[in-house]
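Right, one structure below, let's go through it.
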Amino acid sequence: MSISAHNLVWGVRHKTIVADVSLSVAPGETLGLIGPNGSGKSSLLRLLAGLKQPLSGRVEILGQDIARVPRRTLARQVAFVQQNAATDTNVSVRDVVRLGRTPHRSALSGWSAADEAVVSAALERVDMTGHRAQAWQTLSGGERQRVHIARALAQSPQVMFLDEPTNHLDIHHQIEILRMVRDLDLTSIVALHDLNLAAMFCDRIVVLKAGAVVDCGTPDAVLTETLLRDVFRVNAEVCAGPIPCQTHIRFKAA
Amino acid sequence: MSIADDKEAGAGWLAIFLGLALIVLAVAVALAAAIGDYSIGVGTVFLAVTNGLGLTAADIPPIEQSVVWDLRLSRALVAALAGAGLAICGAILQALLRNALAEPFVLGVSAGASTGAVAVIVLGIGAGSVSLSMGAFAGAFAAFAMVALLSNGATSGPNHTILAGVAASQLFNALTSYIVTTSGNAQQARDVMFWLLGSFGGVRWPDFQLLVVVVFVGLAICLLMSRSLDAFTFGDEDAAALGVPVARIRLILFGVTAMITATIVSMVGTIGFVGLVVPHAARYVVGPMHLRLLPACAAVGAIFLVLADIASRVVAEQQTIPIGVVTAMVGVPFFAIILYRARPQQ
């Protein structure tokens with residue numbers, strides 16, 4: 001298993017936000033994390049990436065308990081793409097992607113040809129090579145998200161976490177970003193709001209409700225009318241497409 | 001967009017920039033040693049310096065030797081170090097707090113130093129200039145300790161830390177005002193006012209010796225952590241995701257900036273503007289990445305304060321204008337040009 005979580009519990013004060021979650025992700029798999037607002041998607045994602053410490057339970061990534069792995073070592077294997085990470089600093093696209101090499105460089109080591117090659121490849125992968133000298137502030141939302149993904153790729157990770165990477169993007173860019181993520185040669189876990197996009201691009205889906213896993217499986221197995229009513233409180237019609245992974249959800253007004 | 005955009009060109013550009021800056025700094029320091037109520041020729045200044053270093057034994061009037069070596073050179077070098085130190089602290093706090101308005105005094109250090117200094121000047125706790133510095137230093141660290149405590153050892157995020165700094169500043173400023181109004185006379189109030197605005201009068205070689213160690217050790221630590229500082233570009237969590245031990249780095253760097261600032265404030269008072277503006281100016285020239293930015297800040301800050309000190313001594317005859325007044329009056333027009341040129345191109 002690439003990632004496995006065992007009985008994760010996390011909360012603040014008297015409120016439990018992630019309640020006894022266990023899951024596992026196979027190498028190369030794209031796992032979608034869906035659930036209504038406040039269901040604990042973002043928190044779970046951060047627990048899995050080691051950015052929050054669970055109250056109990058543990059996470060193993062590539063066979064190691066991440067609580068015992070130094071932060072920098074972990075960052076060479078695991079990348080995390082926040083939603084809409086922003087800055088006021090006047091940085092260029094290349095500067096941003098170069099930050100991805102941070103965990104691979106010691107305090108005194110120079111910028112190597114290998115670093116440069118990784119950065120160039122990452123920019124190429126997200127089709128932003130032509131924008132490398134452009135200022136961050138002048139990029140569109142879709143371009144910024146692509147640069148964030150390039151920066152994550154520059155970490156040379158084996159596992160990538162993405163927290164609602166398609167928020168605030170138009171449908172073209174939503175599809176473009178998710179196709180890119182799916183086609184990466186990585187294990188990825190993506191928190192998503194759009195159920196149809198989750199159905200289109202995820203190998204498997206984990207459904208969260210009130211911090212607990214309600215269901216887990218392939219999109220066509222998980223996304224049923226009953227589940228949508230119970231978890232998301234919507235009436236919808238689920239149409240199985242002509243080919244697998246083409247499950248489509250049509251929401252009803254009442 | 002920064003001028004030093006291309007990486008390879010950037011390294012060469014930085015070397016040229018720093019080389020030029022050092023030459024300008026040397027000229028500025030020489031001018032600072034030559035200019036004053038008692039004007040001394042640059043040639044004599046040069047000989048006085050080499051005499052002082054023990055390299056020559058040129059025959060120049062003892063009074064000129066003493067003015068250059070004992071008074072003006074030490075003063076100019078302390079000014080340079082103070083400018084460098086404040087600019088570095090400003091750059092680091094702007095990065096860690098992700099706030100363009102952050103400056104060395106945002107953590108309450110200057111307010112605490114003022115209270116400590118006022119306690120010495122007005123209440124007469126201890127006596128003499130040594131204890132004034134000691135009082136200021138103690139006050140500065142008391143304020144920093146309060147901020148560290150209020151922000152859980154600086155782990156609670158930028159805004160929380162800034163608010164803790166505001167609270168500490170308000171408290172210590174109130175204490176300062178309380179002491180001055182209840183216990184001070186008019187002369188003491190004037191002394192306090194003068195000290196608060198900053199002055200290089202009275203600094204000597206021992207001040208330089210302490211400050212050179214503090215500033216260079218501080219700069220070295222910050223340079224070692226410059227990669228981590230860069231990683232804060234998109235915030236604390238993002239830095240953590242890039243493998244940076246966020247809490248530890250923040251605490252160390254806050255401690256280093258507090259140490260540098262407290263040392264400077266205890267020697268020369270609260271010199272505003274340098275720490276706020278120099279990092280922005282330097283960023284405009286060498287870009288935002290800290291391995292380049294910090295040396296550039298040090299160079300620009302040093303030159304700026306040496307020049308400001310010269311101005312403070314020559315603008316009004318027979319008196320010295322507080323250095324804080326000069327930094328603002330010289331700095332604002334200069335900064336206005338940069339702000340204008342760096343305005344977003346929409």
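All residue numbers here begin at 1 and follow the chain in the order shown.
Cβ coordinates come from backbone N, Cα and C, glycine included.
TrEMBL entries are annotated by machine, without manual review.
Feature annotation from TrEMBL assigns transmembrane segment to B:12-34 (among others).
Residues annotated as transmembrane segment in TrEMBL: B:40-61 (among others).
Under the heading transmembrane segment, TrEMBL lists B:73-93 (among others).
Residues or ranges marked as transmembrane segment in TrEMBL: B:105-125 (among others). Nonlocal intrachain contacts for the transmembrane segment (B:105-125), taken as residues 6+ away from its ends with a CB within less than 8 angstroms of a stretch CB, comprise 93, 97, 99, 131-132, 134-144, 146-147, 161-162, 164-173, 175-176, 179-180, 183-184, 188, 191-192, 195-196, 254, 257-258, 261-262, 265-266, 269-270, 272, 275.
Residues or ranges marked as transmembrane segment in TrEMBL: B:132-150 (among others). Counting same-chain residues at least six beyond the ends of the transmembrane segment (B:132-150), those with a Cβ under 8 angstroms from any Cβ of the stretch are 107-117, 119-121, 125-126, 161, 164-165, 167-169, 171-172, 195, 251, 254, 258, 261-263, 265-267.
For B:162-180 (among others), the entry in TrEMBL reads transmembrane segment. Within the same chain, residues 97, 99, 102, 105-108, 110-112, 114-115, 118-119, 122-123, 139, 142-144, 146-147, 150-151, 188-189, 192 sit at least 6 positions outside the transmembrane segment (B:162-180) and bring their C-beta atoms closer than 8 Å to a C-beta of that stretch.
Residues 77-78, 81-82, 84-85, 88, 92, 95-96, 239, 244, 249, 252-253, 256-257, 259-260, 263-264, 267, 289-291, 293-295, 298 of the same chain lie 6 or more positions beyond the ends of the transmembrane segment (B:210-229) yet place their CB under 8 Å from a CB of it. The annotation transmembrane segment is assigned in TrEMBL to B:210-229 (among others).
Positions annotated as transmembrane segment by TrEMBL: B:249-278 (among others).
Among the features that TrEMBL reports, transmembrane segment is placed at B:290-308 (among others). Beyond the ends of the transmembrane segment (B:290-308), by six or more residues, the same chain brings 4, 10, 14, 17-18, 21-22, 24-25, 28-29, 32, 76, 79-88, 90-92, 95, 215, 219, 222-223, 226-227, 229-230, 271, 274-275, 278-279, 281-283, 323, 326-327, 330-331 to within a C-beta distance below 8 angstroms of the stretch.
Sequence annotations record features per position, and here TrEMBL assigns transmembrane segment to B:320-340 (among others). Cβ atoms under 8 Å from those of the transmembrane segment (B:320-340) belong to residues 79, 194, 196-201, 268-274, 277, 280-281, 284, 304-305, 307-309, 311-313 of the same chain, restricted to positions at least 6 beyond its ends.
Within the chain, the transmembrane segment (B:73-93) has long-range Cβ neighbours (under 8 A, six or more residues past its boundaries) at 25, 28-29, 32-33, 48-49, 52, 99, 102-104, 106-107, 200-201, 203-205, 207-208, 211-212, 214-215, 218-219, 222, 229, 253, 256-257, 260-261, 263-264, 267-268, 271, 274-279, 282-283, 290, 293-294, 297-306, 308-309, 323.
Outside the transmembrane segment (B:12-34) by six or more residues, the chain places 3-4, 40-42, 45-46, 48-49, 68, 72-73, 75-77, 79-80, 285-286, 292, 295-296, 299-300, 302-303, 306-307, 309-310 with a CB less than 8 A from a CB of the stretch.
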